[in-house]
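Below you'll find the structure, written out as structure tokens, and then a few comments.
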């Protein structure tokens, strides 16, 4: 049969159901017609000629099983109905196998979409870590940024160079503007929402309950991503405070030593 998409499988199933209904209608018409012929009363002249005849032999068998009527397998109408019934049975078997294939294909696509969603979240997280790097601009970081790709923002895309270079403040540290950060969160949430919708097969689900379920899954995914990002951000802030504190202490000691040397020099100069 080859590779088929879920939409194609559903279209084939609908065609099978339509053919099944039409076959059932034809079988019903044949059965009904044959039954009416089998129970049709004989004319009065035949009854007068053979008033004591065997009624069982005069009765014509019908296809629909009725108590008191036998089925004649040699009747062409019966053979036609049986042939249609065999075709309908084979069609039902094809329907069962196609539904099984549809179920397996749906599960595989769902698992694939979930894996893609996790991969996309990991890519976004790696790009965030590279963009938030504080310190020297290593060549390997630029190479990694180019490899990861750009992150969506309000201006459609933010290139790795823009994230790395233009976000530097005068002190030489990297910082992401609030607008870019908020836009990134919004777009990341929208991306997660779309992946969750496709992953769970809710493309055809409408209404409040379906949208609420998709929204809840997206929120959980974004909260997990935000928790990881927040913990890393707090750790970086602590390190920055520690480095600034160490710099102030070092600067204070150097200044105090210079002041003492200057005072001593002034005293010596005053002595003449």
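Cβ coordinates are placed from backbone N, Cα and C, and glycine is handled just like the others.
In Swiss-Prot, the annotation region 'Disordered' applies to 40-61, one of the ranges 18-39, 40-61. Per-residue pLDDT, averaged along the coiled coil (78-102), amounts to 90 for this model.
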